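Feature annotations, courtesy of TrEMBL:
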type   : residues  : note
COILED : 1122-1149 : coiled coil
DOMAIN : 341-584   : domain 'COPA/B second beta-propeller'
DOMAIN : 626-767   : domain 'COPA/B TPR'
DOMAIN : 815-1215  : domain 'Coatomer alpha subunit C-terminal'
REPEAT : 47-88     : repeat 'WD'
REPEAT : 89-130    : repeat 'WD'
REPEAT : 131-164   : repeat 'WD'
REPEAT : 200-241   : repeat 'WD'
REPEAT : 244-285   : repeat 'WD'
Amino acid sequence: MLTKFETKSNRVKGLSFHSKRPWILASLHSGVIQLWDYRMGTLIDRFDEHDGPVRGVHFHKSQPLFVSGGDDYKIKVWNYKLHRCLFTLLGHLDYIRTVQFHHEYPWIVSASDDQTIRIWNWQSRTCISVLTGHNHYVMCASFHPKEDLVVSASLDQTVRVWDIGALRKKTVSPADDILRLSQMNTDFFGGVDAVVKYVLEGHDRGVNWASFHPTLPLIVSGADDRQVKIWRMNDTKAWEVDTLRGHMNNVSCVLFHARQDIIVSNSEDKSIRVWDATKRTGLQTFRREHDRFWILSAHPEMNLLAAGHDSGMIVFKLERERPAFSISGDSLFYVKDRFLRVYEYSIQKDTQLIPIRRPGSNSLNQGPRTLSYSPTENAVLVCSDMDGGSYELYIVPKDSYGRGDTVQEAKRGSGGSALFVARNRFAVLERSSNQVLVKNLKNEIVKKSVLPLATDAIFYAGTGNLLCRAEDRVVLFDLQQRIVLGDLQTSFVRYVVWSQDMESVALLSKHSIVIADKKLAHRCTLHETIRVKSGAWDDNGVFIYTTLTHIKYCLPNGDNGIIKTLDVPVYITRIYGNTIFCLDRDGKNRPIIIDSTEYVFKLSLLQKRYDQVMSMIRNSELCGQAMIAYLQQKGFPQVALYFVKDERTRFNLALESGNIEKALESAKKIDEKDHWYRLGVEALRQGNAGIVEYAYQRTKNFERLSFHYLITGNLDKLSKMMKIAEVKNDVMGQFHDALYLGDVSERVKILENAGHLPLAYLTASVHGLHDTAERLAAELGDNVPSLLHGRKASLLIPPSPVLCAGDWPLLMVSKGIFEGGLDETGRDGHEDYEEAADADWGEALDIGEVDNLQNGDISMVLEEENVQEENEEGGWDLEDLDLPPETPKTATTARSSVFVTPTPGMPVSQIWVQKSSLAAEHAAAGNFDTAMRLLSRQLGLRNFSPLKSLFLDVHMGSHTYLRAFSSAPVISVAVERGWSESASPNVRGPPALVFSFSQLEEKLKAGYKATTAGKFSEALRHFLAILHTIPLIVVETRREVDEVKELIIIVREYVLGLQMELKRRELKDNPVRQQELAAYFTHCKLQTPHLRLALLNAMTVCYKAQNLSTAATFARRLLETNPTAENQAKLARQILQAAEKNMRDATQLNYDFRNPFVVCGATYIPIYRGQRDITCPYCSSHFVPSQQGQLCTVCDLAEVGSDASGLLCSPSQIR
């Protein structure tokens, strides 16, 4: 059984498949009706109006309707599109067992425990016939698929067949007189619309189910006597043919399979049984652990069945429908109806070759699964699941093409899968021993190879190679050398498809596709919600595949999309150009023509074949939002521009790709304020003064326009703006314009008109306009404001702009492939710019005749915005020069006459990176990621956060920055180490670095000093700074390299010791651990003065804790160093004397001074000689093995135990 879908729910009593959509209705014992999509595995809807169990449910064949009947005596007709019950049919007096729509007439048949069967007209919503005769519950009733018959089964131990021909005639021609008479008689005689044709007696108990054969005059029934009976009928009588025994409990449902010669039954014994309808023997049994089965349903069109049980339902198939096939050259070999056939693609001809024996055993799913063909030997291997996996080898006689009737004996063998691996050798998987047997055409074993992993299937992978599949991976195995060539983790692979050149492979799983190269290196993975069925490679290297519902494509980078929707699943075999050849489930070859434009276009874009992209844009109908979004996402807004008809989208794309001319075209057509504003912003960014001006004019944005004229130095237009402001009564705007122009008398006039006389007077008198000032003073009388004394007035004149009027000079570069090739205007390239250089952007505001206008009439000027205005922008000032005539050149296209930018030289920082493998020099060049990679490789560094500020210092310190003029960016100049004027300008030295070895020596002295003074935190900070700086040090000689390495060791000892001492001071309530840490501190390699202090410290701590013996060892070691301070020596002697009287320790310490040890940098416990330890690759501190892979606690940079090549800090190490 191939389970396609399973649900968990309350007990399922009724099931019905939709004839067209992948839907199934399940009615539950709880009263709910569920609508499932079995292909997607999702619950679409639930209908909950019945009171009590719903035992019957059925979809209408063509209308969006279904009918249900329940224990509430109601039949409900529902519309699933409207999600509601349309009406209820009332009439039955007890539980309703089944309901069914007629395939043609507007009828519903229902069976009920009230011992009747009713036929209803769902259009008139009336009961048109009641079939009485059963004398117990009627368990089911159904229409015959073709004839005017109804079959019913009842607990009265009979099956009845009813003739409803009269009812049909009445429906077709109700005007007939005799029929009208019979309708009158209905009340008296119970109606003659339906009469019992046969009563089938034979079951010993109540019959639960009866159903017609779809085409033959057969009936099958199942009953509480645990038997399934087959009945045959003719025009006059019906009789029992046979009984199928095997069920252990009541048979609840039974039906004929529409496509195969089998009967399927299920029972309360928790099993589904499949019977051979001709031999009448059991084929197979499927059991459930705890659930009784209640109902079966078959799909009206497809090879699907569904069964309902106590805790849900299953949708399943009995046999695989995928034909076994193999492609060789121009031919497809495949198995259909127990024949091997060949289909030649070039002539589209199908030929029968040889018969293939039918499976001997009578269980299901024994058909051929896979096929392998050897073209040179004309041999075919057919594999099936028979007897746990077996194969048959046929040699196709050369002369049998077209005859296909000669039966020949096949060579057989058992094995999981078999396939040709060479001309006359095939491999068979022997699962029990997990090895591959290589056999020759005589079926003799030539060689055995044990496989590298537990394999459950093998696939072809080129001559002599196999793909071995395990549960979660595939492995590429070479049979000759017996080695693994590649390994890839995937979900369970079902099919493998190689491209024709064997360079790429697609691994198809149930819901995913993995694409890899011939060495199984992963390229991309696709996930599908609907099951993947097949696939093939087209000539462009695009993988075309099918799911249950679609043909789709997958590009090499993993982009995918739909090509075509499918009605029925197909299996792709080969692709030629736009034709996909497939096999359908009936084994017919079908060529499908597809439109490959979309994926070929995307592929060309991906492979940067722009010429092809161009021609496709010109010639094809590729458009739509999806394609535009794709182009935008892939960074080609300029291409998307040519697909778009909608002006708003065009405008957005033009702005995104910086195509100001196209944006202007669209803005003119849209003509909305917001779009003009956005165009102005982009034009300003590009320095296209003409368009900025035009955009501001169109939005009547006078303030911005005035400011624009100010910064471009266009004073004439600025003075016109001032006049416009005056006409518009915009006092503030007028005043601003006067300020911008530096026009004092105008400012005074404006202030005076606005009534600000004191301000007007001040402005006039400061700027020396004495006549006006006197006139205003007279008007002001006593209120004349006084001027501030001792201040110097200066005239406000706006600075002259850097670039005066006109666009920013643009460097002319050759156009991109798309801008050049796609402009619809077919003009020569240089014309665009000639025009733009002195463009006036058409409709400027003509502000010429403002003077003689009255206040109200400015609107007139603003309306007539289409008057051309003389252009004041100088353009490029291209004058004609008297040049000698040109020497004739070879003809080139017009576009190549455009100036092409000179290629920039290599930046110094790039030269530094290429020449050096020292991390410091990469950091100086600003290449932090490569610097980090180098440090990771050389010193095993993992934590770079302490180095961040140092990296930035090194980078900033190796560059200096020069100011250019005000509108240009700052220029950075690389500073080189050891530069001299005599050096050649073309030879670049290494970068100057801010950190030097001498600085580190200074820091070391500072650290020593802080240690002596007992400032341990400060000392630790100094020593850690040294450890963090050393990776970014560069020295010249080998001797200095050794000194740097020595320095690391010295500093490491101090860092470890100080960390332990600081830890000891934190521990207040653990005297034992305090003593241990003090003891370990004395074993760090310190300078003698510091060692004495450490010993003194340890001695004191141990003495106080009554560990006299240990204190005495420290006292002896202290005296051995010949302490210079007398008080130290004196104290040591006193402790020795005290200890000699009582040589014992109060507490046991983890400390043995006789046995040499090093201290673990993380746990601070001794690692004695001979014990295993691991080290930090940078500072070489020792650690216990459990710290493997952790961050070193001493240097805080490297990963403990990782591999590293060692410190590189001098060019002399590399030479």
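The backbone N, Cα and C atoms fix where each Cβ goes, and this holds for glycine too.
Remember, TrEMBL labels are computer predictions, not curated facts.
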Q: Determine which residues of the chain contact the repeat 'WD' (47-88) at the Cβ level, with the cut-off under 8 Å and only residues 6 or more beyond its ends counted.
A: 13-19, 23, 25-33, 35, 94-101, 103, 108, 110-112, 120, 122, 125, 300
(Q) Can you break down the repeat 'WD' (131-164) into helix, strand and coil residue counts using DSSP? (A) 0 helix, 20 strand, 14 coil
Q: Could you give the residue numbers and ranges of same-chain residues that sit at least 6 residues beyond the repeat 'WD' (131-164) on either side and whose C-beta is under 8 angstroms from one of its C-beta atoms?
A: 94-95, 97-98, 100, 102-103, 107, 109-113, 115-119, 190, 193-201, 203-212, 214-215, 219, 221, 223-224, 231, 233, 238
Q: Quick one: average pLDDT across the coiled coil (1122-1149), no decimals.
A: 85
Q) Using DSSP, how many residues of the repeat 'WD' (200-241) fall into helix, strand and coil, respectively? A) 0 helix, 25 strand, 17 coil
